[in-house]
Amino acid sequence: MGRVPLAWWLALCCWGCAAHKDTQTEAGSPFVGNPGNITGARGLTGTLRCELQVQGEPPEVVWLRDGQILELADNTQTQVPLGEDWQDEWKVVSQLRISALQLSDAGEYQCMVHLEGRTFVSQPGFVGLEGLPYFLEEPEDKAVPANTPFNLSCQAQGPPEPVTLLWLQDAVPLAPVTGHSSQHSLQTPGLNKTSSFSCEAHNAKGVTTSRTATITVLPQRPHHLHVVSRQPTELEVAWTPGLSGIYPLTHCNLQAVLSDDGVGIWLGKSDPPEDPLTLQVSVPPHQLRLEKLLPHTPYHIRISCSSSQGPSPWTHWLPVETTEGVPLGPPENVSAMRNGSQVLVRWQEPRVPLQGTLLGYRLAYRGQDTPEVLMDIGLTREVTLELRGDRPVANLTVSVTAYTSAGDGPWSLPVPLEPWRPGQGQPLHHLVSEPPPRAFSWPWWYVLLGALVAAACVLILALFLVHRRKKETRYGEVFEPTVERGELVVRYRVRKSYSRRTTEATLNSLGISEELKEKLRDVMVDRHKVALGKTLGEGEFGAVMEGQLNQDDSILKVAVKTMKIAICTRSELEDFLSEAVCMKEFDHPNVMRLIGVCFQGSDREGFPEPVVILPFMKHGDLHSFLLYSRLGDQPVFLPTQMLVKFMADIASGMEYLSTKRFIHRDLAARNCMLNENMSVCVADFGLSKKIYNGDYYRQGRIAKMPVKWIAIESLADRVYTSKSDVWSFGVTMWEIATRGQTPYPGVENSEIYDYLRQGNRLKQPVDCLDGLYALMSRCWELNPRDRPSFAELREDLENTLKALPPAQEPDEILYVNMDEGGSHLEPRGAAGGADPPTQPDPKDSCSCLTAADVHSAGRYVLCPSTAPGPTLSADRGCPAPPGQEDGA
């Protein structure tokens, strides 16, 4: 019992000593609570708190970090009275909030107050930052040539330290985390395929992964660009392609510019003073012949080759020059004047391009019974001939030609002698031994006059040809301006003997694939059997004309579809012909069929233009027909029976195409045609594809597509199936039901995908049968498997058509006269209001009346035109829209 009181006594003494020590440490300080310590990860939120008790008015608490005042600190101060008299004693609590903790927030924090002229500072609290590594630098995307070294950078920091980096290529680690050093820079010797790189930062808290950088491998710069052969109008160049990794080269682009004065100023720069013209060529071979160039003309060329990953860097500009050519025309104004035994011959330099450096002139003269004599005159343009001998020279004529290092140019027409006239200048004495002259035996003035007339005709023809050549080619006709896709067109002039070429030679000259040529051989038609008529429609790249095809026993009225090959690229030519051969396999009353293909010579270039021969469609395309029936000068009413028949025809044609494993991809009312029997034919197979394996087709290249008609899965993944055409058919049904309205009015093309993903669909048209709209809605199911087949659609539409009553003339017709003064009439009667329209006076009535069908949903009033607007039943013909009465 004696030991226990002793232990309590010792403990009480120790507590008293400690309390005395704390009182000394905190003597006079008002702080009763000091800031604590915070350790957190980057981005977290922390709070520091301090408390003090004071007598009298509460002071303002200021926060310090590392001894510096925090001017913009997010702190709150709370004051609580402790005594009954609020002026006696106060408790003050200050809280500092640190949001989104960063490395700069770490340090020592204290509270500071000023009381009675003294400054008091609390005990410090510490804020530390510890968490996952933070990236200061991440790898960036790059495009590098194949097998070319490059560097990537990545840098991260803690705390806590140390931070080590691990590089990954295509999600595979390149090296393990070892040691305490970070590999900030990755040096790669080169790649042969496009790869992705990222880095991982490791510390004691865990791992952070950087962004993924894509390194695209491009072909190396081509090298050894050189000239293989030179001609006056041709250059053959070759080059060695650079490495392209695992991606084969698809094509090369050749740029060429004329070397104007001052070319040396921009030769070392990337861009010349004017935009160069670009020619795209397929490879291999890595060789190209440039034709139709200007003789004796300097050019600069460079080359870049492309793979599926992108283009290589351009080579340096290479100066090249064509060789000299012969002069294009003879010397001008050749004259030969006789003065006794001397003949003075004069001429002027050719006005047309010399195509080289003029080296001199050659002169030839001969008489009626004497051989021709050739002389090299040099660069002079005047020479005197002295005729000697016993025999006179009868009917002497003179011709002159200019020559360059490439040879002689054209000779001038033979010029007869003229008598000497005073004032012609002093002749040069170039003596030539000849027999003595004798008088001409017949009047030579007539010969001179005829020669002058002939020379004038030749001169006019030569000037016309030269002017045409200058106008058509600055670069010699090898290059043409760019077209919409950015490709360049190679144009050339063939001989006028094109009409004698065989079909095989014509196909070979087009530069198309062997597979397409094989298909075209089966559908070729003799060009002379086709007669062209008026133009039905014309666009930027082609036209449709009315024509006649002479068959063995009859003449068939056809539509002829042509292409302006002078402004189209080779790929567009192949697309045009592929659409034609696509139709040769079709044999169905509701599918456009192909009659044949032929080629005609271009009047301007002589290059064969493709011509596709199709059946003649009297009423044009379905969309225009529907639109003009509603908005044309003479609107007509289309009964529901006719609209349903249009839908059934299209469904029947698409059912046939689906059985042939064809995907249309561009089904719309504009691509359906109406023949003379008002039957619809599915047409325009420019985007159609035949699927040989499986039941879908994935589009490889980005092409212009009608997004408002495309199925939602095709917009997302560019995957097309027969059920994608079913979606488009539903939109086409909506077009027909609305008489040609545009789908999704008010919705931009760029917004269609999001609009459909939200579950939105086309609304039910006015006066559309509920069953028809339900059929449309089934075509727009999100899951393609839930959509009906074309066989089901055709059957449902045919049953709907059978269930409808026969089309008859409307029982209730409303006639409204809309004269110039009709604008003051009350509109509510005509719009379906309670009051009927006032009956006009018969004497003021216009003889031009418009019939409007009255439905249960409301009445329609159509403004009159110069002739009454008839109603159209399913078994009656319908006038075509203006400008569309004929067409394919």
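Every residue gets a Cβ built from N, Cα and C, even glycine.
Of the listed residues CYS111, CYS199, CYS199 is the one Swiss-Prot pairs with CYS154, by disulfide bond. Listed in Swiss-Prot as the disulfide partner of CYS50, from the options CYS13, CYS111, CYS252, is CYS111. A straight line from the CA of CYS50 (disulfide bond) to the CA of GLY542 (ATP binding site) spans 85 Å.
When the alpha carbons of VAL544 (ATP binding site) and CYS154 (disulfide bond) are compared, the span between them is 61 angstrom.
Helix first, then strand, then coil: DSSP counts for the domain 'Ig-like C2-type 2' (133-216) stand at 0 helix, 44 strand, 40 coil.
Other Cβ atoms within 10 Å of the Cβ of LEU536 (ATP binding site), summed over all protein chains shown, number 22.
Contacts of CYS111 (disulfide bond) defined by a Cβ separation under 8 A and a same-chain sequence distance of 6+ are given as PHE31, ASN34, PRO35, CYS50, LEU52, VAL61, VAL62, TRP63, LEU64, SER94, VAL121, SER122, in order along the sequence.
Take the recorded positions CYS50, CYS154, CYS199, VAL544: by the count of other Cβ atoms within 10 Å of each Cβ, the lowest one is VAL544.
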